[in-house]
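Participant: Just lifted these from Swiss-Prot, have a look:
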type    : residues                     : note
BINDING : D52, D54, S56, F58, E60, E63 : Ca(2+) 1 binding site
BINDING : D91, D93, D95, K97, E102     : Ca(2+) 2 binding site
DOMAIN  : 39-74                        : domain 'EF-hand 1'
DOMAIN  : 78-110                       : domain 'EF-hand 2'
MOD_RES : S2                           : N-acetylserine
MOD_RES : S2                           : phosphoserine
MOD_RES : S24                          : phosphoserine
Amino acid sequence: MSMTDLLHAEDIKKAVGAFTAVDSFDHKKFFQMVGLKKKSPEDVKKVFHILDKDKSGFIEEEELGFILKGFSPDARDLSVKETKTLLAAGDKDGDGKIGADEFSTLVAES
């Protein structure tokens with residue numbers, strides 16, 4: 001399954017394009033722009049599993065740095081600051097990674 005099976009390619013392109021500048025990433029705006037906020041909980045979990053590159057059941061800090069690439073392969077990497085901000089927003093239990101339920105909450109709060 002690919003991201004475009006769940007989200008519109010044009011929405012992905014616009015959302016990724018809106019955050020090309022370093023340190024401009026805002027996960028709340030991004031999730032809204034890409035259309036993820038409007039998706040069912042099941043679809044949000046499918047997106048989570050696409051972003052969980054090592055299939056560990058979590059999106060670790062290293063994977064978060066590549067989150068935009070999960071939506072569009074030619075997108076930029078997040079900066080260290082952006083990655084840490086995203087991790088802090090999503091890691092509700094403080095274990096240093098984001099699980100599927102935490103990701104769903106992060107999207108719902110966007």
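Cβ from N, Cα, C; glycine included.
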Participant: Mind checking which residues of the chain, 6+ beyond the ends of the domain 'EF-hand 1' (39-74), have their Cβ under 8 Å from one of its Cβ atoms?
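Facilitator: Residues 1-3, 6-7, 12-13, 15-16, 19, 25, 80, 83-84, 86-87, 90, 96-100, 103-104, 107-108 contact the domain 'EF-hand 1' (39-74) from elsewhere in the chain.
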Participant: Give the number of CB atoms, excluding that of D54 (Ca(2+) 1 binding site) itself, located within 10 Å of its CB.
Facilitator: 10
Participant: Which ones in the same chain are close to D95 (Ca(2+) 2 binding site), with CB under 8 Å and 6+ residues apart in sequence?
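Facilitator: Residues satisfying the criterion: none.
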Participant: Going along the chain, which residues six or more apart from E102 (Ca(2+) 2 binding site) have their CB under 8 A from its CB?
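Facilitator: Spatial neighbours, sequence-distant, of E102 (Ca(2+) 2 binding site): G90, D91, K92, D93.
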Participant: What is the separation, in Å, between the Cα atoms of the residue listed as 'N-acetylserine' and D52 (Ca(2+) 1 binding site)?
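Facilitator: The residue listed as 'N-acetylserine' to D52 (Ca(2+) 1 binding site), Cα-Cα distance: 13 Å.
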Participant: Neighbour count, 10 Å Cβ-Cβ cut-off, for S24 (phosphoserine): what number do you get?
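Facilitator: Excluding its own Cβ, S24 (phosphoserine) sees 13 Cβ atoms within 10 Å.
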Participant: What is the set of residues, excluding D52, D54, S56, F58, E60, E63, whose C-beta falls within 8 angstroms of the centroid of the C-beta atoms at the Ca(2+) 1 site?
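Facilitator: For the Ca(2+) 1 site, the extra neighbours are K53, K55, G57, I59, K97.
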Participant: Which residue, of the binding-site residues E60, E63, D91, has its CB surrounded by the fewest other CB atoms within 10 A?
Facilitator: E60
Participant: Quick one: of S2, S56, which of the recorded positions has the smallest count of other CB atoms within 10 A?
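Facilitator: Among the recorded positions S2, S56, the sparsest Cβ neighbourhood within 10 Å belongs to S2.
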Participant: Near the Ca(2+) 2 site, what residues other than D91, D93, D95, K97, E102 in the same chain have a C-beta no further than 8 Å from the centroid of the listed C-beta atoms?
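Facilitator: Near the Ca(2+) 2 site, the remaining chain residues are F58, G90, K92, G94, G96, I98, G99.
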Participant: Count up the helix, strand and coil residues in the domain 'EF-hand 1' (39-74) according to DSSP, in that order.
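Facilitator: In the domain 'EF-hand 1' (39-74), the DSSP-based counts are 20 helix, 3 strand, 13 coil.
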